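Participant: Structure below; questions to follow.
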Amino acid sequence: MKSIKPVLLLILDGFGHRTEGDDNAILHARMPVWSRLREQYAYGTINASENFVGLPSGQFGNSEVGHLNIGAGRIVQQDISRIDCDIEDGRFSSNDTLQQAMSKAQGSALHILGLLSDGGVHSHENHIHALIRAAQAAGVPKIYVHAFLDGRDTPPRSAETYLKRLDAALAECPNARLVSVTGRYWAMDRDKRWERVEPAYRLLVDGEGLFHAETGLDALKAAYERDENDEFVKATGIGAPVKMQDGDALIFMNFRADRARQLTSALTDPAFDGFKARQPKFGYYATLTSYGEAYSALPVAYAPQKIHNGMGEYLSSKGLKQLRIAETEKYPHVTYFFNGGEEQVYPGEDRILVPSPKVATYDLQPEMSAGEVTDKIVAAIQSGQYQAIFCNYANGDMVGHSGVFDAAVKAVEALDGCIERCVDAMLAAGGEVLITADHGNCEQMYDGEHHQPHTQHTTNQVPFLYIGRPAKIRAGGSLRDISPSLLAMMGLEQPAEMTGQSLIDFQ
């Protein structure tokens, strides 16, 4: 095989392109290296949201969707779109797995868990409403809804809207009621902070909340009086306490896996030891989508789509060595999601996980673990082992979600020196670099419509910076074009399954 030019892909998570705004952390940051590289090399912007990545119109992108599209080299129709279509066409209520769960609940109860918002990143309220209606129509006698509040992929204090819409749906379904409310910070942790998950678990399983309210709206009002935004609302029981009983059925309505896994482990894994608690013997426990190989025994309503000849698989088939590296918060994205939602590690694929700092929120340590990630990248480049290195820097997204503007500025400033070290090392090794992002976030830190911090993702385009030979970047691209561009940089033909195209016109 001819000599392959090594490449480095840097994914700056949540680092969107936006030219205006006093609330743009990137514009306010001191990033001389980033500015110089943009001037010196070929720079463009690409699409990372909506139909360009297999999402509905108006829906911003996210890390899972972004890395799926990047790794696949094609538009991947997302689960939210598949489920939306089934609801619209009337097929949702006849889904075999959902039917099984409702059947099992006829003599007991059906528990519906999920993130209640229209954020569209981890879940969508419309799916929860549709399941409530389906269960009512199927004659399920007791339908219990456990709502996780958002405030991260939605404005920090927006849950009133979603709770009111849930109340409207419940009003049409006399067998259903809301029984618990808690913020996603507790119920949807993904960093093994079991001290967060435990109070949410005890509320769900034993009906023992830290607080109690008669309605979801009352619970929210009390939480706001405690100065808790939606994400941080503490475990609150609603109405008469409800316990999960042996034989009950449960459906977890989050379609994104990473923040649903820990709670699912606590509820279903006999070997779970994160904390001591009663574990119900469910008659049926289903998940809306696959939560991964470790949960393969659980029924799934929407099985994953098989992606053949994505970037990782294709490089492996060519006998090339590749490295994936990220800190904890984004490690699943450069591995599991980049590989098309597959747990498999391909031959020749190495992985490095750098622990994220143990802080309550990342505005308290905006540099996160970027320095250590960079150390590992530089060492990997200098080792000469790898033809391709794929890295995610979490800062822009994780600190952007905090809504703290000054911290977001520091977060992206911390990346500037990291970028310089990576680029210098790769150029010295005779390689080339591509810098992009999976979606926007920290380029918009204030929500003018709601007059509060902007903590969610955006639909803005993202950077596409090629550092190597003289070139121009073609306009109109999207995340699906990143892998074909990398293959062009390496001098390799792209597989037929990749429908994206290289955006780099070498001069």
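In case you wondered, yes, glycine gets a Cβ from its N, Cα and C as well.
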Participant: From Ser63, Ser383, Ser485, grab the residue that Swiss-Prot records in the same Mn(2+) 2 site as Asp13, Asp438, His439.
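Facilitator: Candidate in the recorded Mn(2+) 2 site: Ser63.
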Participant: Besides His122, Arg152, Asp153, Arg190, Arg256, Ala257, Asp258, Arg259, Lys330, which of Arg133, Arg184, Arg202 does Swiss-Prot list for that substrate site?
Facilitator: Arg184
Participant: Figure out which of His450, His451, His457 sits with Asp397, His401 in the Mn(2+) 1 site per Swiss-Prot.
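Facilitator: Given Asp397, His401 bind Mn(2+) 1 in Swiss-Prot, the matching entry from His450, His451, His457 is His457.
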Participant: Just name the most isolated of the binding-site residues Asp153, Asp397, going by other Cβ atoms within 10 Å of its Cβ.
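Facilitator: If we count Cβ atoms within 10 Å for the binding-site residues Asp153, Asp397, the smallest count is at Asp153.
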Participant: How big is the Cα-to-Cα gap, in Å, between Arg190 (substrate binding site) and Asp13 (Mn(2+) 2 binding site)?
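Facilitator: Their Cα atoms are separated by 17 Å.
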Participant: Within 8 Å of the Cβ centroid of the Mn(2+) 1 site residues Asp397, His401, His457, which other residues of the same chain have their Cβ?
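Facilitator: What remains near the Cβ centre is Asp13, Gly14, Asn62, Ser63, Arg152, Asp153, Gly396, Met398, Gly400, His439, Asn441, Cys442, Thr455, Gln456.
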Participant: If I take the alpha carbons of Ala257 (substrate binding site) and His439 (Mn(2+) 2 binding site), what is the distance between them in whole Å?
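Facilitator: Cα of Ala257 (substrate binding site) to Cα of His439 (Mn(2+) 2 binding site) measures 18 Å after rounding.
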Participant: Roughly how many Å separate the Cα of Asp153 (substrate binding site) from that of His457 (Mn(2+) 1 binding site), to the nearest whole number?
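Facilitator: Counting only the Cα atoms, the answer is 6 Å.
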Participant: What's the CA-CA gap between Asp13 (Mn(2+) 2 binding site) and Asp397 (Mn(2+) 1 binding site) in angstrom, rounded?
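Facilitator: That separation, Cα to Cα, works out to 5 Å.
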Participant: To test your reading of the Mn(2+) 2 site: which residues beyond Asp13, Ser63, Asp438, His439, same chain only, put their Cβ within 8 Å of the Cβ centroid of those residues?
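Facilitator: So the additional residues around the site are Ile11, Gly14, Ala48, Gly61, Asn62, Gly66, His67, Lys330, His333, Asn392, Asp397, Ala437, Asn441, His457.
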Participant: If you draw a 10 Å sphere around the Cβ of Ser63 (active site, phosphoserine intermediate), how many other Cβ atoms fall inside it, taking every protein chain shown into account?
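Facilitator: Around Ser63 (active site, phosphoserine intermediate), other Cβ atoms within 10 Å: 28.
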